[in-house]
């Protein structure tokens, strides 16, 4: 009996129904709830699993390098990045007929292949890789790191190498090591790689271990560094006629502040990037020496927080009690980490297209679209997770006595005001934005398009102008040649920046109008509503006027029995569950907007977006319907083409998505009755009744069915849009 799954919960292991299996899977990673768990084992398990996570990441990235080296066309792509399609890997499928073999044989390959839309070719090229041998070397190195990570994970589970709880709670040492060691040293090392390998590579010099010490990255060597003439490193940058990867038009500078983009590659100057990483390294190396450890110098975070008492006393006791609250709650720490990572991931999406760092990636439109969408969806899931763990913190770890009248307690004290303000903002945005869209639809439907309400986003245009965009005619700050800001930066970084902002060949500061104004507010509605649901879930997690004892029921409960009305659907988990739908919805609008605006930009018919985006039918007809027409003809009565796989995935995504509703709209009793009928029939059917079950079949719990429904909804939604995005972009631009 003791060996039945799940071993971490004897109570569940003895459950005679199928609940044992599903609850076992659901709580497998909730280490806190396991039998015999101690704080020490909890920290050690999580620590060891981090090494497992690293091993998986290194193995996966190693696989990317290996498959491109083995089955890709990296060396051919390097010769002509703009016209050769990068191959991710070969496809071996015995079911392919001749038309499919021909359709998927591209990029100079001998057989069917997948095209890479991940940007790895551009990245590897930019950082100095040139041959398949380089890729194999990288793959082997990452495989080695993966093995080391696995060994480290195993080692830290052995009694002799298990760290103590005090080691895990030594926040100052951890911060110092992470700031200096992880961020500082790795940024410095990356600067070194860029200066010694990537920049020479961009100038036609092939630097590897065998000649690393004999090729100087800069003709003056280390002389200027030791004599304080650092400005020499910025002199003689690459010229505007520089051909990337060749000495033609190349300079000698290694650390510059040029601004703008390399004219040929349309990506940031490598020498600017190296300079940026050096500055980051310096900042983080300093930051990693700020906190007090064994040496008695530096800041104590606890002292810093305790000293932060707001003036005037109107904000209570400020940060008192926060240090111990955060340091003793893994959920609080995870919530903070997820919130930060979520913001960073969304920023990556925004900056990868507007300020592309990798050579030629800006001209690979499908990759640009795929990377933007990928990072925004990832950000959405990470951000909702931050609030989920924030809510679990309030339920499991929050101690009111420890946090009396500090910022946390005051958030809870003022939750009604916070939630109602968010609600008001959401309602205002929703009704006004929808009102404008629907009004415009009615005007077009009634044949009076001139009566649309079209609002110019003058404040946003003013901000763009302040940053140097001249087309709107605002004479302000960087768009005014007389301003001190303009004159101060004139000789340093501004020429490159101003050229980039005012050139129409990139995505920096796109021209905006009434359609942008409307969709911006639709997105704001989505963001505020998602935030409202998440914030309400976390702030009401401990209890509310309706259910003051909510925290005693845990993070996810369906209801408090039939006798207590209104207690269904109000667990913190339910808030997370509802918020994910809104999150997906919002990111849908974000990616629709980004994609449609860019498709019209790349095709040179921007007026289509400008004219059709001001009413709902325009979005449905001229974005969704028009761009799916090519996709759904991936296979038809006349044959198939290279979009057929995306056409199939588009269909399949819709099916997965629709399956979600089966779990979301029918409730537990229906399934329980159905299961009992099926079990009755099974037991009375010859042959079938030879198969017996150890666990009595029962329906999923309400919460579990919602999770399964949500998973299908999310996965189907993302698969559908991914297929649409990649097919509609690659179908137009190759």
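Placed from the backbone N, Cα and C atoms, the Cβ positions cover glycine too.
Taken from Swiss-Prot as is:
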TRANSMEM  46-69  transmembrane segment
TRANSMEM  135-158  transmembrane segment
TRANSMEM  175-199  transmembrane segment
TRANSMEM  273-291  transmembrane segment
TRANSMEM  330-353  transmembrane segment
TRANSMEM  369-395  transmembrane segment
TRANSMEM  417-439  transmembrane segment
TRANSMEM  517-535  transmembrane segment
BINDING   559, 568  [4Fe-4S] cluster binding site
TRANSMEM  575-596  transmembrane segment
TRANSMEM  643-665  transmembrane segment
BINDING   654  chlorophyll a B1 binding site
BINDING   662, 670  chlorophyll a B3 binding site
BINDING   671  phylloquinone binding site
TRANSMEM  707-727  transmembrane segment
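A 10 Å cutoff on Cβ-Cβ distances gives residue 671 (phylloquinone binding site) a total of 16 other Cβ atoms nearby, all chains included. Considering only the binding-site residues 559, 568, 654, 671, the residue whose Cα is spatially closest to the Cα of residue 662 (chlorophyll a B3 binding site) is 671. Its own atom aside, the Cβ of residue 559 ([4Fe-4S] cluster binding site) has 16 Cβ atoms within 10 angstroms in the protein chains shown. Sequence-distant neighbours of residue 568 ([4Fe-4S] cluster binding site): residues of the same chain at least 6 apart with a C-beta under 8 Å from its C-beta are 558, 559. Rounded to a whole value, the Cα-Cα separation of residue 654 (chlorophyll a B1 binding site) and residue 670 (chlorophyll a B3 binding site) is 25 Å. Across 175-199, 517-535, 575-596, 707-727, the stretch most heavily in contact with the transmembrane segment (273-291), judged by Cβ pairs under 8 Å, is 175-199.
Outside the transmembrane segment (175-199), and at least 6 residues removed from its termini, the chain residues within Cβ reach (under 8 Å) are 126-128, 207-208, 212, 217-218, 254-255, 270-271, 273-274, 277-278, 280-281, 283-285, 287-291, 293, 301.
Same-chain residues lying 6+ beyond the ends of the transmembrane segment (707-727) with a Cβ under 8 Å from its Cβ atoms: 26, 117, 366, 369-370, 373, 377, 577, 580-581, 584, 588, 591, 595, 624, 627-628, 630-631, 634, 643, 646-647, 649-650, 652-664, 700. Sequence-distant neighbours of residue 670 (chlorophyll a B3 binding site) (same chain, 6+ apart, CB under 8 A from its CB) do not exist here.
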